[in-house]
Structures are given as C-alpha cells and as structure tokens.
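Database features (TrEMBL):
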BINDING   Thr312, Arg343, Glu366, Asn475  L-serine binding site
BINDING   Arg343, Thr344, Glu345, Val359, His360, Gln361, Phe362, Glu430, Ile431, Ser432, Ser433  ATP binding site
COILED    114-185  coiled coil
DOMAIN    269-502  domain 'Aminoacyl-transfer RNA synthetases class-II family profile'
SITE      Thr477  site 'Important for serine binding'
Amino acid sequence: MGLHCCLGGTTFQTLKLAAIPSSSSILRPLSKTITLDHLLLPRLPSPRRRSISLLARALSAAPAIQTTPPTIPDEKVVKPQWKAAIDFKWIRDNKAAVADNIKNRKSNANLELVLELYERLLSVQKEVERLRAERNVVANKMKGKLEPSERQKLIEEGKNLKEGLVTLEEDLLNLSEELQQEAQRIPNMSHPDVPVGGENCSVLRKMIGNPREFGFPIKDHFQLGKDLDLIDFDAAAEISGSKFYYLKNEAVLLEMALVNWTISQVMRRGFTPLTTPELVRSSVVEKCGFQPRGENTQVYSIEGSDQCLIGTAEIPVGGIHMDSILAESSLPLKYVAFSHCFRTEAGAAGTATRGLYRVHQFSKVEMFILCRPEESDSYHAELIGIEEDLFSSLGFHFKTLDMASEDLGAPAYRKFDVEAWMPGLGRYGEISSASNCTDYQSRRLGIRYRPEASSTNPKKGKGNLSPTQFVHTLNATACAVPRMIICLLENYQQEDGSIVIPEPLRPFTGGLEVITPQSRYKK
C-alpha cells in the first residue's frame with residue numbers, strides 16, 4: 001500500500017507518475033503527471049488445472065536479456081530492455097482460453113494484435129532464414145576457383161543479399177519489440193476456483209470474531225487522533241500535500257510496536273527478516289508484473305532516471321534473487337520485509353478514504369515466499385493463516401475473501417483479502433491480501449532452481465545436471481500500519497475518550513496499557 005521520497009542537500013528531483021496495474025482493491029488509477037512541487041502543496045488530491053498451469057507458464061516471462069536496439073529518429077515507443085519468454089504458439093493454439101481470461105479480468109491486453117504481430121514475426125523470420133541460407137550458398141561458391149566475371153557476379157549477389165538481410169533483420173527486431181510490448185500486457189491465468197466478475201462477486205471464505213458493541217457514541221480514528229493529539233493531517237498537508245500525515249505521541253509507539261510485534265511473530269514461522277531499498281529500477285517493477293510507464297499509474301518514478309519508489313516491498317524482495325539458480329535444498333525461501341511504501345492513491349475522495357485509510361506514504365511489513373511449483377497452493381494457505389492468526393491475536397473482527405477475477409492484479413493466479421471491521425468508519429476495510437503468483441514473476445525475474453537428482457537415478461557431471469525450473473512466488477501483507485492503527489483506535493476506544501492498547505502490543509510499547517492525554521506526561 002504506499003510511496004517514499006528521499007531528498008538530499010538542496011537538489012530536488014522531479015517526480016512523475018508511472019503506470020502500474022492495480023494488484024489489490026486499495027489501488028485506483030491516476031491519470032496525471034506531477035512534479036515534486038505538487039507534492040509539497042496541500043492540493044494534491046485436474047486436466048483443467050494442468051492446462052491452466054501450462055498457460056500460466058506460457059504467459060510468464062524469462063530472465064532479463066539486455067538489448068540495445070538501433071537508434072530510430074523520432075522513435076516514440078520505449079523499447080523494452082528485457083525479453084519475456086512467452087510461448088506465443090501456445091497462446092495461438094489456445095486463443096479461446098486466453099481470450100476468456102483477459103475478458104474475465106477486464107484486462108486491457110489486445111490478444112488479436114498479439115497474434116497478428118506473431119504471424120508477421122513468423123513470416124519475417126522465415127524470409128530471414130531463406131536469405132541467410134542463400135548467402136551461405138554464395139559464400140561457399142566463393143571459396144572455389146572462379147572466373148573473374150563469375151566471382152564479380154557472386155560478389156554483387158552477396159552484397160544484395162546482405163542489404164536485404166539488414167532491412168529484414170531491422171524489421172524483425174522492431175516486430176519483436178512491438179510484440180513484447182503488447183504480449184507483456186497479458187495477465188497470468190486464474191485459479192479454477194476464482195469467481196468471475198467484479199469485487200462484489202468475491203466469495204466469503206471465513207468470518208472471524210464479532211463486531212464490538214458500544215454503549216456510547218463512537219468516533220472514527222480521524223477524530224480520535226485529533227482529540228488525543230496522535231495524528232496531524234493539517235501540518236502534513238502544508239508540508240507535503242494531501243494524504244500525508246504526522247504520527248505523534250503514542251501513535252508513534254503504536255507504529256513501532258505493530259512493526260516489531262509483527263516481525264517477531266512471523267519470524268517464529270521461519271521467515272528471514274529484511275529491510276529493503278525503497279527505490280528500485282523500473283525494469284524490476286516490470287519484471288514483477290507491473291507497468292511503470294503510461295498515463296494511469298499508482299507508482300511514483302524519478303524523472304531523468306530509471307528508478308521508481310516502491311509501492312510494496314514485494315518488488316525489492318522479489319528482485320533479491322533475480323537471475324539466480326537456487327539449490328532445491330534452499331527452498332522454500334521465506335522473507336518478512338519492512339519498508340516504507342509510496343502510492344499515488346488516485347481517485348481517492350470522500351468518507352471512504354477519510355484519514356489514514358488511503359495515504360501516499362506508509363510503513364508495511366510484507367511476507368514473501370519462493371517455493372517449488374507443487375508447493376505454492378499450500379504456502380498460499382499458510383500465508384492467509386498467518387494473517388488470520390495475527391489479526392485474531394489483536395482482537396479484530398474480520399472476514400477473508402477469495403477475490404473475483406476483475407480484482408486480481410496481472411501477476412496473481414489467486415488472491416485472498418482480509419477486510420476488518422472499522423466501527424468509526426462504519427464499514428469493513430481491506431487490511432491485507434495474500435497472492436499466489438505462480439511462476440509469472442519468477443520467469444520475468446529469472447529465478448530458477450535445479451531439482452536434485454533422485455537417489456534411484458543419480459546424475460553426475462555438468463552435462464547431466466537436472467534441467468532448471470522456475471520457482472513460484474507468493475506475497476502477503478502482514479501489517480499495513482495506517483489501517484492497523486485505524487482498527488486499533490476505533491475498536492479499542494473507551495467512553496472517556498481513551499484507547500486501550502491490546503495486550504500483545506504492550507511489551508513493545510514499554511508496558512503502556514492505555515492512551516489518554518491526562519496521563520501522557522505523568523511518570
């Protein structure tokens with residue numbers, strides 16, 4: 001959920017927005033370009049399952065391949081710097097299945113154009129191969145003893161073939177680049193059980209706890225934060241713009257407590273803790289399945305560079321093993337990462353986004369797993385189980401949902417969301433999600449593993465190594481701090497205006513049990 005900017009000295013870099021498809025219901029599209037000046041003003045507003053698995057692999061991408069296309073005057077299309085290993089033949093042969101998936105997800109992918117470009121590419125490739133074969137024939141003839149006139153004739157023929165090849169190879173490169181641009185928009189396939197439709201078609205998996213009953217008029221977190229001097233939106237709006245905030249006093253302790261408690265709990269499940277870079281290369285964003293270029297965006301990118309501010313730690317954690325071949329014995333790799341996050345949160349307005357619910361910058365703890373393909377479904381269940389245990393420990397009332405096809409981001413094969421009851425706002429609000437991305441991201445990031453030889457058929461020697469396979473990746477939100485604070489303030493408010501701190505967090509707040517302004521400065 002969020003976006004961050006580090007400014008050094010007196011030099012300010014211009015920020016612009018780069019396109020990224022929504023990976024959760026928290027994201028909304030933004031269609032504008034801004035500069036840092038805007039940020040500083042307060043006005044910034046079964047067989048079937050197997051076939052789907054094969055299609056998921058077909059639509060996935062391969063390790064990065066650096067290419068340097070020839071300079072073309074007045075060229076407006078940004079050339080990709082890496083190639084996706086997309087099985088275009090499979091897509092062509094399974095056109096109906098691909099088309100249905102695109103339709104069910106409300107994707108903007110243009111399948112007809114992809115297939116048209118692919119057929120043109122095949123035609124040009126065939127002609128290139130023909131001319132290369134002819135050139136080889138001419139070259140072989142030149143090796144023998146020839147009359148001067150015959151040699152000159154072959155030289156002219158070879159020159160013509162070479163010029164024809166140069167033109168065709170340039171056409172082939174341009175077609176390949178255009179095909180990549182279009183094909184990379186095709187989303188991952190969906191799990192067979194994913195409900196088809198919009199967010200309202202999502203299926204309830206589980207309801208945990210009950211809403212608290214209050215015997216007094218309740219306040220939302222916005223008012224509670226103001227009354228208890230915990231949150232300052234007005235000063236942040238003057239300094240940074242709308243949808244920024246200062247946490248103050250015990251709210252700062254709450255953020256630290258939530259982060260440290262969450263990390264300690266998840267580490268007990270075998271996860272390795274990380275802090276991540278908060279600026280990443282735009283190519284890494286692309287390889288994680290997002291598009292950091294275009295008019296609609298949720299990502300801030302740095303003008304004049306190839307770097308973006310992260311919207312989630314999923315991106316830098318996903319890239320930590322980029323272009324690697326992992327030992328099978330090292331899997332699964334489980335990470336729990338803390339980072340600040342930055343998102344444009346475009347189109348957010350009204351009471352549905354009041355206060356901390358939708359902001360441009362926030363802290364988050366993210367879980368990430370790399371595993372063998374046959375294990376990803378079970379680890380997906382493990383991730384949602386961890387989320388449910390965490391939120392139950394804090395006494396929240398919440399529900400988990402199997403999200404519908406239109407709510408899935410491009411990389412997600414299946415996604416579970418957790419929505420917690422926020423009594424002050426009078427509704428359920430999303431506080432986390434857990435996604436299984438199968439090998440969609442790992443094929444783009446180039447993260448593979450080499451299966452170990454079985455004891456019954458050991459393979460030795462470099463030439464007899466087992467072929468590599470792409471890992472599956474999964475991600476899940478363990479703690480999105482602002483929305484967790486909303487739940488804490490609104491659910492634990494008391495009639496006298498104080499806030500009770502849940503028992504699990506007290507060891508991480510120095511033993512503080514209740515937030516009340518009257519006792520704040522008393523020893």
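Here the Cβ of each residue, glycine as well, is placed from N, Cα and C on the backbone.
The shown structure was predicted, so the numbers you read here are calculated from the model rather than taken from an experiment.
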Segment confidence, the domain 'Aminoacyl-transfer RNA synthetases class-II family profile' (269-502), expressed as mean pLDDT: 91
Proximal residue to Glu366 (L-serine binding site) among recorded positions Glu345, His360, Ile431, Thr477 (C-alpha distance): Thr477
Cα-Cα distance, maximum over Thr312, Arg343, Glu366, Asn475, record's L-serine binders, Å: 18
C-alpha spacing of Phe362 (ATP binding site) relative to Arg343 (L-serine binding site), in angstrom: 9
Recorded ATP binding residues, Arg343, Thr344, Glu345, Val359, His360, Gln361, Phe362, Glu430, Ile431, Ser432, Ser433 - maximal Cα separation rounded to whole Å: 19
Pairwise Cα distance for Thr477 (site 'Important for serine binding')/His360 (ATP binding site) [Å, integer]: 17
Set of same-chain residues at least 6 away whose C-beta sits under 8 angstroms from Ile431 (ATP binding site): Phe391, Phe396, Phe398, Val418, Glu419, Ala420, Thr477, Ala480, Arg483, Met484, Cys487
Alpha-carbon distance [Thr312 (L-serine binding site); Ser433 (ATP binding site)] in Å: 12
Other CB atoms, at most 10 A from the CB of Glu345 (ATP binding site): 25
Listed binding-site residues among Glu345, His360, Phe362 whose Cα sits within 10 Å of Asn475 (L-serine binding site): none
By Cα-Cα distance, the member of binding-site residues Glu345, His360, Phe362 nearest Thr312 (L-serine binding site): Phe362
